[in-house]
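Here's the structure we're looking at; comments come further down.
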């Protein structure tokens, strides 16, 4: 094919030029634009990258978690909750990747907002609805794990203080989960099963609830992590007073707690400035679910190393 040299017109915007699509009746002309194609293309590529990364990370971490966790620790509630959250995130993102090849992302249907009843549409609705339900389960598992770990961390406090913190934490987690549940219900009703009949008011309501869910998620994670980090900060300070300055499990959990608080916040803020539907906000629970087992594995490994060093030290002192 020979190379073409184009004459350019600075007043012409090539990406806003329109072309005509024939409606489902085969005669009605419907104007579309190149910009619409690029928008859908951006959504599909961005979502596929985000969902694919989450599939890879959670799948790999789940395998590592199973291999690195001792058998006696696999029966603990924290391990089961963390492992279940990773598995649920993995399945949800696999379904989300499959949904990218469904009727919902077909340009003709997307542009004309035309979704006739068919087996393909039913399959697309079922896949997306299942992924949305898994989103609720993921949040429930994560908040349960956070409440349980706060209960463990605060075990040295007085009974009244411990009960108070756990109750407040449970209320915060339940509130965030309730809003996430409301978002899932509206999304399933308006954006999945009612995709061919959604009104502007319903879509606007869905957007408001999505923003509220984003805010309450960040607030809840920050609340959990603040309690977690403050309590462990006091513990680290006490260790230093006792001249225990080595980098031990408490410092490790402190660092991971700070990350659990700030990293999801970054993703949540960024999601406000991206195209609606990019799904960057889906990374928030994934990041939390990743950091929770990582901190436990790192702290356990450090504890094992400290025990090994102490054993070797006693052995060398015993040898004449």
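Just so you know, glycine gets a Cβ as well, placed from its N, Cα and C.
Note that this is a predicted model, so its numbers are computed, not measured.
The transmembrane segment annotation in TrEMBL covers 48-67, 79-107, 127-148, 160-183, 215-238, 250-276, 282-301.
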Under 8 Å between C-beta atoms and at least six residues away from its ends: which parts of the chain pack against the transmembrane segment (79-107)? 36-37, 40, 43-44, 47-48, 51-52, 54-55, 58-59, 61-62, 65-66, 69, 73, 115, 118, 120-121, 123-124, 127-128, 130-131, 134-135, 137-138, 141-142, 144-145, 148, 195, 279, 282, 285-286, 289-290, 292-293, 296
Spatial neighbours of the transmembrane segment (48-67) far in sequence, C-beta under 8 Å, 6+ residues away: 74, 79, 82-83, 86-87, 89-90, 93-94, 96-97, 100, 278-280, 282-283, 286, 289-290, 293-294, 297
